[in-house]
Amino acid sequence: MLEVERLEVSYGALAALHGVSLTIRPGETVALVGPNGAGKSTLLKTIVGLLVPRAGVIRWEGIPVSAEPPHRIIERGVALVPEGRRLFARMTVRENLELGAFAKRAQRERRAQLERVYTIFPRLLERERQLAGSLSGGEQQMLALGRALMGLPRLLLLDEPSLGLAPRVVESIFSVLAELHREGMSLFIVEQNVQAVLTLAQRAYILEGGRIVGEGEGQRLLQDDHVRAAYLGPLARGASS
Amino acid sequence: MKLLLGGILLAAGFAGFPLVTARNDLLNLGIQIFLAVALAESWNLLGGYAGQITLGHAAFFGLGALVTRTLWVGGAPLSVALAAGALVATAFGVLIGGPAFRLRGAYFAIGTLGLAEILRITVGNLMPEISTIPVTALASYDLVPRYYLTLALAMFSVAVVAVLVRSRVGLGMQAVREDEAAAEASGVGAFRHKLLALALSTALAGLAGGAFAYYHVSYYPQHAFSPAWTFDAVLIAFIGGVGTVHGPVLGALFYVIAKEVLAVQLVEVHLLIFGVLFLLVVLLLPGGLVEAWSRARRLITRNS
Amino acid sequence: MILTQQLILGVLVGGLYGLAAAGLSLTFGVLRVLNVAHGELLMLGGYGTFWLFALWQIDPFLSLLGVGPALFVLGLVLYWMLFQFVVKAHEEARIKNSLLIGFGLTLVFHTLAIRLWTADERAVTTDYAGAVVKIGVFTVPLVRLSSLVLAFAILTALHLFLAKARWGRAIRATAEDWEAAALMGIPVGRTYLLAFALGTALAGIAGGLVSVSYSISPSIGIEWTLKALIVVVLAGLGSLFGSFAGGILLGLAEATSVVFLGGPYREVVGLVLFLIVLLVRPQGLFGDRG
């Protein structure tokens, strides 16, 4: 469904991604883990069209999309929940959600989809008329996620959804993601919280220094010594067999 | 090196000019070219090299003109009047520099424009009568000394910019132009450099204004504060090649001569043409005539 | 007495200042581009209204229905030909280049106007031009009052558009965070185009109202650019009604200065206020962004 082949992305003279290749099949939940500065956000931004690669191909449902502007890629059914949420703080919750359905394809289903999002996140309905900037961290993440869902995506990209959130909130976000997965949506999640994301994902890639250095099944990677050492900290290392 | 040689030849040519001709119209043309060079170079210093686009340049030109005119017509020796004009212009520039540089980009440009307009209107209200050289001085009015004064001024401004560009201070200014934050981070005091550029720019503009006051027989004092002077400076600097030493010279030659040629046939059309040219330069050829020339040269050498 | 009469006139002209500023504020707020040719576009709108009246006796208020769209189209062209290249750069280069482009456009339009229509002052004088409304001992010129009301109505309509319409919200979103807007499926380039064209249309309409309420000439371009800039700085960005209020504030300040300092210093007051606000409170009196 999503095929990335030998992607090269640079910021000016600075190379950020080297020969990155990966695939995401329909209905899969795939994780992307790796240290800070590895290029994970860069990869997501390139997939959605905010950055243009220097070389390589991105194919979505068979169509090459690497040169297309973001709004075209969104129309095709890809959505990104960006790092730090990037909500429109000066607009209300409802306005943010309705903006998520800007694309023509999503406009038709707007009212129905809004109901759905309110069902998944009742808190957003409560705060419908509040300015997005006045919400708590968890609520903002819900809004960001709901806003992305308004676009009726078939592939949802998430950049650090758990960042800055309390554990209980993280749990509820991930249970929503699990539900979306069960309903057949493809998810590609960049996450520092390796424990949470590897429990959910079928497969995962490891990105270090702009390169894919590992790939495997979610559960298996959780047991992998390298992964545990790098991302799960001393406690996990101590507990490994 | 070649540029220096060419410049010296050009200057020598201009210097020798009055010796071979007594045609006043050509002398006037020369004076206008030299004034334009000085005006454009002074703007280029601040706007092209230090990267601070100002739209209030006329204020300093006007102040120089005002002070010089008042003192000189009042009997003071010309050198004193000119120096005083430049001094007042510089003092004013440095005074506003502090608060002005707190404004970013667009706000700095329109802030300086606003300031220049305030001066223009106030001067126009306080001195509404036309200023004319007294009859006694009128009798002995001679274009030639004015020609040489403005030529010297033009050469001086070019020299100042040329020397500055290669100096450590000048490099600092250009660093500020490229990326103020980065320059600051690497130890280049951005504010100091901008203020110095402002001081030099306003001093030169003040001198140019003083020369204008010495040259023009009669004019309304507020005319020297007109935004048209700023526009001329910006146009010439860009069309010639902003951020280069010889760009404004080329631009001044081109502008004044073209204006003369066109003025014969169509009123004010030169502004229209220059406006369009200016737009083309900004969008397509930011280096102006200088860049056009070097590109043409490369094309010729490649094909030969 | 005189003061109150002057203040009334100040409010009337202030409404037009606000309308002119709103267009500039829209362009600046969304594209982060300062179009210093804004006043020239206003001037063109004024001439459009003038000529429609002079040649075909079309009522000036009616001709706005033509002038507005015409200037909208001009805005489309100007964005397509010039400003779209400017928005691709970083903020600082963007502002610098937009200043220069606006400057070049100012020269071109100003000179063109002088060539086509001479430097003479023109005004649209309809049959009802001299009509006044009397409030107690004060006279309110009817045409100016209508202009004020119309300006307010247009801003209200625009406000509703930005608040409720799909593309209006897209404009607001793009103004706040263009990357996030792009992620919503909003075509940013087209949004910029729309915002810019709306801005020029507003300028044109304001110009039409100026031609019937006051007078126009090629030189009002720079004058009105400054007025719009002053109001944008006074009011800040982010609110159309803030611009309107800022315009009225400027009108009142000018009126007050006329009474106490005399006519010649009218422009100076606005400029001084402008500089003070720039230095002390750059985000403006009502604005939410610097």
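Keep in mind that glycine also has a Cβ here, set from the backbone N, Cα and C atoms.
Here is what TrEMBL says about this protein:
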type	residues	note
TRANSMEM	C:6-34	transmembrane segment
TRANSMEM	C:41-58	transmembrane segment
TRANSMEM	C:64-87	transmembrane segment
TRANSMEM	C:99-118	transmembrane segment
TRANSMEM	C:138-162	transmembrane segment
TRANSMEM	C:192-216	transmembrane segment
TRANSMEM	C:228-253	transmembrane segment
TRANSMEM	C:265-284	transmembrane segment
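In this chain, the transmembrane segment (C:192-216) touches the transmembrane segment (C:64-87); three or more CB pairs sit within less than 8 A of each other, excluding pairs fewer than 6 residues apart. Panel annotation: around the transmembrane segment (C:192-216), residues 12-13, 16, 19-20, 22-24, 26-27, 30-31, 33, 35, 38-39, 41-50, 60-61, 63-64, 67-76, 78-80, 83-84, 87, 121-124, 126, 129, 141, 143-144, 147, 150-151, 154, 158, 167, 171, 174-175, 224 of the same chain, lying at least six beyond its termini, place a Cβ under 8 Å from a Cβ of the stretch. Three or more CB pairs closer than 8 A are found between the transmembrane segment (C:228-253) and the transmembrane segment (C:6-34), so contact between the two stretches is assigned (pairs 6 or more residues apart).
As a quick check, the transmembrane segment (C:138-162) and the transmembrane segment (C:6-34) clear the bar of 3 or more Cβ pairs under 8 A, pairs 6 or more apart, so the two touch.
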